[in-house]
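One structure is given below, encoded as structure tokens.
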Amino acid sequence: MVGFATSLSSGGPSSLFWGWLVVSPFVMCIALSIAEIVSAFPLAGGMYSWSLLLSNKKWGPFMSWISGYTYLIAAVTVVATLAWTSGQFIIAISNTLNIVQINSQGANVGVYVALIIMGTIYNLLGVKFSGYLNKFMVVWVFIGSLIIIIAVPALAPSHNTAKWVFTEFKNNTGYKNNGVVFLLGLLQAAWSLVGYECGAQIVEGTKNAAVTAPRGIIICVGFAILQGFALIISVLFSIQDVGELLSSDMPTATFFLRATNNPSLAAFFLVILLIAQIGSLCNAILTNALIAWAMARDGCLPFSGFLYKLSGKNKIATNCLLSQAIVCVLLILPSLASTVYWEAIMSTAVISMNVSYGLPLLCRLIWVRNKMPKGPFNLGNLGLSLNFISIFWIGFLGVVLCFPSVSPVDPVTMNWASLMIGGVMLFSIFFWLTSGRHKYGAQFK
């Protein structure tokens, strides 16, 4: 339910419902395209490796370099978004149960920092716990989703009509064009349907990876689409007062509180979401560190020698973990002056993640096309068409999610996603020209 209130403000219930139906087919196109590539190249590194292999000798190192930086931006901002939303759930639980009433933006930042530290410490203990966490999370998310989908409508004192759910449109953004407003509401669906490529980062060495990896990606996306659709229907029919939700600092908590009329039950549902978010946060921190370590190994980052060092008997990328924690803390500080800044971080995560998906697809279309090796899972003649559709969607969504979420725009409400992405990409190109092409690029000549 991350981004729930943002989509309600940008189109209302119809934006949530129809937005999910609009986004889902395009996400499946991307997933199928990625599944075909991972079946042909089941290698660790994912998009970072594929961009190299699907380009020619001249451009391959540069495309791989850019792909790595794009995915690193995505990984950092995904960690930041998960930590921020986890912190919001903690504060919402405290306020709902009247443990401590927390309303300041500074408190949000403080809880965020504490969660970043906690997730970093967890990963410093060693990756041996990751397998147990992943198994637990699969069960927790499945059962937790079922509980919310079934219990919330059953407990709700009243239900909205189908007409309201499917056609009610609300515009609290300040934009006069309802088409633009609807597109802004796609953020929630776009955020919910990312991250399915994570398995591709660790496929190398996995038994029968050319078959199991693409199958896992497709099943993951298919399940997420169905689960999200059921959850949206359940939530929309159970909303009691949409105006109260939109004016609330904690809209998810307000939704559960009004739907159940019971603070303890509302807190219980929030705990389900909180544990799912914290589990995802711990995994995202590990993924981020592994990406940074792989790039440092290849000399793609400043201070690569420092970041590449492993420590302890479990060979933990301690320097990468600590460095990303510092970056994530610095990244959130502007939110002290803006209540919508975290939405820019969330937009950055969605944009950069999708662009990182699109870069190997673009490389295929430019340099390889039908000459790509075929793995056990291949789309035949349909593959290139899905690649074209995927790249179109990624470009379109990237432009939309750079729009400010409200109008008129001022420095406080500005969407800084384009500046964040552009700044990092300019640095990566500068670093490529001054160092990368001589060191990283030379490895492939």
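Yeah, the Cβs are placed from backbone N, Cα and C, and that goes for glycine too.
TrEMBL annotations:
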type     : residues : note
TRANSMEM : 20-48    : transmembrane segment
TRANSMEM : 69-93    : transmembrane segment
TRANSMEM : 105-125  : transmembrane segment
TRANSMEM : 137-159  : transmembrane segment
TRANSMEM : 179-196  : transmembrane segment
TRANSMEM : 217-239  : transmembrane segment
TRANSMEM : 265-295  : transmembrane segment
TRANSMEM : 316-338  : transmembrane segment
TRANSMEM : 344-367  : transmembrane segment
TRANSMEM : 379-401  : transmembrane segment
TRANSMEM : 413-433  : transmembrane segment
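Between the transmembrane segment (69-93) and the stretches 20-48, 137-159, 179-196, 265-295, 413-433, Cβ pairs under 8 Å are most numerous for 265-295. The stretch in 137-159, 217-239, 265-295, 379-401, 413-433 that contributes the largest number of Cβ pairs under 8 Å to the transmembrane segment (105-125) is 265-295. Sequence-distant contacts of the transmembrane segment (344-367) (same chain, at least 6 residues past either end, Cβ-Cβ under 8 Å): 2-3, 30, 33-34, 37, 47, 50-51, 54-56, 59, 63, 66-67, 70-71, 73-74, 77-78, 80-81, 84, 187, 190-191, 194-195, 197, 331-332, 384, 387-388, 390-391, 394-395, 397-398, 401-402, 414-417, 420-421.
By the count of Cβ pairs under 8 Å, the stretch nearest in packing to the transmembrane segment (20-48) among 137-159, 179-196, 379-401, 413-433 is 379-401. The stretches the transmembrane segment (137-159) and the transmembrane segment (413-433) are not in mutual contact, being linked by fewer than three Cβ pairs under 8 Å (pairs 6 or more apart in sequence). The transmembrane segment (379-401) makes contact with the transmembrane segment (179-196), as judged by at least three Cβ pairs under 8 Å among residues 6 or more apart in sequence.
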